[in-house]
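**Q** Below you'll find the structure I mean.
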Ligand SMILES: Nc1ncnc2c1ncn2[C@@H]1O[C@H](COP(=O)(O)OP(=O)(O)OP(=O)(O)O)[C@@H](O)[C@H]1O
């Protein structure tokens, strides 16, 4: 990445709030870089006068140089303080910008791997971006502006040496670009292998029960080993690529200096003024210092580039289009009353070449319970995600209360829905706080009522500090079924017009089954319930069953109607009953023995 695109991206990333402060900081650093160059240049007339034994003129120039050096020091102090200040403001600003932007992104954007990368981005990434301002701006500008001022000064004193340096500049730039590109290629590979290795380590830790069952040296360990070895190889390749790149750049700079020396010496031998030439050549050496410093920072440049790319990648993610109207123009609605959910000829695929839903049409009338049934992968969960607008449909439309979900703002849609999905997230707070998230102004009795209905009170009595027990990050202190019960309590408290429920696929214990049943009974009538149903009880008691197959609605009706049809649903039902019967029989046998 060139300095220009780095700065351009930096501007875009920090946003309009921090951009003016960043601009001022760039000016501060630029003033410092130019002053530093001017101080270097002032050395030439001072040195020339000394070489000519003209002490009076020399002292005058040394005086001017001292003033310039003092100004450089002040500028340096101001830019370094500014760098720190603007860097801190950038971290804060980026956290807010990322937070605000994330809140507008479709829920479907938050896949597991993205969420993993986001954690790193918000912590380390924001720091790395602010590091560009605090630590990279200075070498970047002093590595370009200071040498430019030096070259201009050299021109004033000896145009031949100046011209030699000017000819070297594009060569230097080309070599810098070339070596950077080479190193970037190795870097990309290193980044890839590091991500792969990180993923494998997490997988290795998470999949311990499975891996242990497959014995030592099992496939998990082999995969992790391979990933770590690949990362190791990439690290060594980078070290091998880095050193020659840096050496090549340093060599080019030295060649430039040597060319200037040769030009100067030739001029001297041809009868040029020795004082001016020698003083100018001393200045040339000054030209090399900041330029060479840039090469030493190549690695930092590249990691900053990666951090910036990560941040801009998130900030560039497109939010779902919001309707172009004010809150007052929102469709009128009776609060708390159930509304119909309708899918009209909906087609959708996660990837363009793979259709998951292909012309799905059905209606869940207001206040009814609709069970979505179908083979694994038939798109049941996808239907609920489209209703909640995790993604927008490919074609067709989804309506809630008669309105296309795309015509509702994110807040309006969120206000109408309660979601009880399998991957329930609980905040690291108490259970009470976790339920209350659904409706912060709910009274104490109401919270306790819904907790009883979802049988959260049973969980509470088992916990060491009862209601005040913290549940750990993500609800780690609770089992999956218990987390879902807290989530059910949230849905009950929210009393949303539409409730989307993804029943656990794993067979539930009696307590969790009872919790779901009571919650569903409480919600039915008051809310429209769309349930990805796995339990036979939920399915048979639903007002309507929608059977998905081959991306379409294969059958739809009540349990009795579908059984009479003797099609896909009847086959599914017989199959489920058989497996359930087998399980019950086994349980009885176990009990009898
Ligand atoms: N985030 C995703 N990205 C890409 N493909 C996905 C994603 N989520 C689901 N799919 C694919 O879409 C298809 C439908 O998945 P969906 O989860 O809706 O099925 P389901 O009927 O709910 O399955 P199950 O009963 O096993 O939960 C599957 O082939 C699945 O692999």
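Every residue gets a Cβ built from N, Cα and C, even glycine.
So TrEMBL lists these for the protein:
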TRANSMEM  29-51  transmembrane segment
DOMAIN    30-303  domain 'ABC transmembrane type-1'
TRANSMEM  58-78  transmembrane segment
TRANSMEM  148-175  transmembrane segment
TRANSMEM  247-269  transmembrane segment
DOMAIN    341-575  domain 'ABC transporter'
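So that I understand the layout, could you describe where these features sit and how close they are to other parts?
**A** Through the fold, the transmembrane segment (29-51) approaches residues 57-58, 60-62, 64-65, 68-69, 71-72, 75-76, 78-79, 82-83, 137-138, 141-142, 144-150, 152-153, 156-157, 274-276, 278-280, 282-283, 286 of its own chain, all at least 6 residues removed from its boundaries and within a Cβ separation under 8 Å.
A Cβ distance under 8 Å defines the sequence-distant neighbours of the transmembrane segment (247-269), meaning residues of its chain 6+ beyond its ends; these are 154, 158, 160-161, 164-165, 167-168, 171-172, 175-176, 179, 277-278, 280-281, 284-285, 287-288, 291-292, 295.
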**Q** So which residues does the transmembrane segment (148-175) touch in its own chain, when a touch means Cβ under 8 Å and the partner is 6 or more beyond its ends?
**A** 33-34, 36-38, 40-41, 44, 48, 248-249, 252-253, 255-256, 259-260, 263-264, 267, 272, 276-277, 279-281, 283-284, 286-287, 291
